[in-house]
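Undergrad: Have a look at this one.
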Amino acid sequence: MTCTSAFIKVVRFIQVVIDTREIRSLCTIRMQVESLQNLQAKIRNDERNHSLTKKYLTDDIVKKYQATKTSLGGTLAQCVNTNAYNPGALLPRSCDLNAYETFRDFFDAVIADYHKVPDGKIQHPKSNFGDLKSLSFTDLNTYGNLVVSTRVRLGRTVEGFGFGPTLTKETRIELENKISTALHNLSGEYEGTYYPLTGMSEEDRIKLVNDHFLFRNDDNVLRDAGGYIDWPTGRGIFINKQKNFLVWINEEDHIRVISMQKGGDLIAVYKRLADAIQELSKSLKFAFNDRLGFITFCPSNLGTTLRASVHAKIPMLASLPNFKEICEKHGIQPRGTHGEHTESVGGIYDLSNKRRLGLTELDAVTEMHSGVRALLELEVMLQEYNKGAPEGVMPVEPLTYLAKLLEGASIEKCYTRKYLTPEIIKKYDGKRTTHGATLAHMIRNGAYNNRSICPRTGEAECYSTFIDYLDPLICDYHGVKDSAFKHPAPTFGDLSKLPFGDLDPTGKFIVSTRVRVGRSVEDFLFPTIMSKTDRIKLEQVISGALKGLTGEHAGTYYPLTDMKEEDRKQLVEDHFLFKNDDPVLRDAGGYRDWPVGRGIFHNNSKTFLVWVCEEDHMRIISMQQGGNLAAVYKRLIEGINAIGKSMKFAHSDKYGYITCCPSNLGTSMRASVLLKIPKLSSQPKKLDEICAKYMLQARGLYGEHTESPDGTYDISNKRRLGLTELQAAHEMAEGVAKMIEIEKGL
């Protein structure tokens, strides 16, 4: 006896009429999941998980909703289950159409964040596809013939039915029948055939696969959200005769209505979709909410649910390190060739509008057209500007294009912009070094990060090829007054008779001391433009030398590629692991091929550390707790000398040691202490005066561009060029001693 028939007998017995929707609710065999508390713990404890679910699934939310159910029996645990098992999944999924209101405090926070809702006030206008007779979009293949196909789709939920976690097999079939009947009634260009997945013939299956129409059950995120329960029952595909109109039934949403065709004629595709959905609305009632718009399984699709997209050939644009950020700037979301969570094939990407909530359908498709047009125009520029570039070198936007973006930077604070004059642009536009580095490569990080101070070079040759740009910049940054400057020869001093010792014998002010230098290996390009092959070769050269160190410097090398989880956790705990999260270095090309060719070496006592292929080929670091600068400095110099026996460092009589960033030229040394100066730091003007007088640089506790609320600052020497290593360390020591003296007196 079925659940429904048993219930109806009870109904007849007590002579009560119950709505069929209530029967569905009471008889649902729901997706079984762990408790909300357990799922929250899994999400919270997974450091790979950076989802909005993790952000907003607070203890208060769990407490409030742990026993709450929707009218269809759905739970918040069902909504967040997929995030517990897929750390890369950004969003929860709604268990049914009522979940957004039942769990409103949770979902509203997620929705407002994802859709960038101003002031968190969620609202959505009435549906408006515009006047379909007067659309004015240009064909997107006008811009370089790069568009392979155009596609516009939207999702719809039929009122009265749950989503995957709360649908029974019987109601899923009922829903399928309801939708397929409406589709069979379509006429004209929409007339077609419905193919249920259950019992599908092999001939039909092969045909649908060949046409790329068949959806599958291989998405882990959708699976763990309950999207594949009872697969393939209740699911199917409708296709019109021209194969340019398609409807998926019970894939993620109840229906996905899709209009598509080859080429870039967005008007034809959009009009076909709009006419069809208006026709289907006559026989199907779609769930709509005045705040959220049309209701969908995933919060990302709320609102219009409309996703207008093209498959476009953009290999150069897609290879840029900040490709996703460029797309986001233009309101576009990039995906792989075969959809979300897939890779691109042959440089072809799916580009679609990102915004769906808070605007009309016409607004959404207009934004998509404008954004895609801008990206296609940029791809055309990239292809033209990078003709003849050496293989493996990162493509780069035209110098004039980046110079325009750089205008947003402060001409007083940004050296990159200050010296990029019209004359310099004219002189160096299109010029390359022997291995393909351009001035455009160098200024790119500043163009996209206007707070960045200095350019990044691609190889040592940049300093001679672009000398008229770099030399004035270098003189200004390093305070060098003579344009014919020459850096002194390396001088580390007598390590047994150093002019400084422990800067804080009492231990009251200095938390730790650290001295580092950058080194480039001769005949290798810098990490910003280096090829993957050379990156691996360089890592082998450096790691081989490090593994040969002895005595106090002997230790272990940890390559970032295929790093063991236990090693990764230990390096994180020790604060040794460098990451790929600096947008300035990213946009200079510093994270290309990540994590290939990179690694970390540290000695057994964890006081000597080498970063391989972060910004420079090597960052060699000596450090320890307390203020004993002499011990830290001595360890560093002895380590540098030992490594230098196995390779030749890039060095110039003019610039000293050659580094990726001009700020590190010369000694490339940064000697620093973590200094507790709460009284002095509460007087920013006085702190700045001391730093200026003693040529020091003060950074926040977490590095450059950060604050220090507790008064602990990273204090380091500012000068690196025009003085010896010994002088640089001594300069820092004298300045720190003065700061401690002032702090004591306040």
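Note: Cβ is positioned from N, Cα and C throughout, glycine not excepted.
Pulled these from Swiss-Prot:
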- CYS298: active site (ACT_SITE)
- CYS661: active site (ACT_SITE)
- 149-153, HIS212, ARG256, 307-311, 335-340, 512-516, HIS575, ARG619, 670-674, 699-704: ATP binding site (BINDING)
- 35-116: domain 'Phosphagen kinase N-terminal 1' (DOMAIN)
- 146-382: domain 'Phosphagen kinase C-terminal 1' (DOMAIN)
- 398-479: domain 'Phosphagen kinase N-terminal 2' (DOMAIN)
- 509-746: domain 'Phosphagen kinase C-terminal 2' (DOMAIN)
- 31-393: repeat 'Approximate' (REPEAT)
- 394-705: repeat 'Approximate' (REPEAT)
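Situate these features within the shown structure.
TA: Proximity of CYS298 (active site) to non-local residues of its own chain (separation of 6 or more, Cβ distance below 8 Å) is seen for LEU91, ARG93, SER94, GLU252, given in sequence order.
Of all Cβ atoms in the shown protein chains, 23 besides its own fall within 10 Å of the Cβ of CYS661 (active site).
In the three-state DSSP assignment, the secondary structure recorded for HIS212 (ATP binding site) is coil. Remark: HIS212 (ATP binding site) has no non-local neighbours by Cβ distance under 8 Å and separation of at least 6 in sequence.
Averaged across the domain 'Phosphagen kinase C-terminal 1' (146-382), pLDDT for the predicted model comes to 94.
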Undergrad: In whole Å, how far does the CA atom of ARG699 (ATP binding site) lie from that of CYS661 (active site)?
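TA: With distance taken Cα to Cα, CYS661 (active site) is 18 Å from ARG699 (ATP binding site).
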Undergrad: How many Å separate the Cα atoms of SER149 (ATP binding site) and CYS661 (active site)?
TA: 43
Undergrad: What is the number of residues in the domain 'Phosphagen kinase N-terminal 1' (35-116) that are helix, strand and coil, as DSSP sees it?
TA: 47 helix, 0 strand, 35 coil
Undergrad: Rounded to the nearest Å, what's the C-alpha distance separating ARG514 (ATP binding site) and CYS661 (active site)? Just drop the number here, would you?
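TA: That comes out at 20 Å between the alpha carbons.
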Undergrad: As a test of the contact definition, list every same-chain residue at least 6 positions from ARG670 (ATP binding site) whose Cβ is closer than 8 Å to its Cβ.
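TA: Once residues fewer than 6 apart are set aside, ARG670 (ATP binding site) is near VAL515, ARG516, VAL517, ASN664, SER716, ASN717, ARG720.
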Undergrad: Could you check the binding-site residues ARG514, ARG699 and say which one's CB has the fewest neighbouring CB atoms inside 10 Å?
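TA: Least crowded of the binding-site residues ARG514, ARG699, by Cβ count within 10 Å, is ARG699.
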Undergrad: Is it possible to get the count of other C-beta atoms within 10 angstroms of the C-beta of SER149 (ATP binding site)?
TA: 16
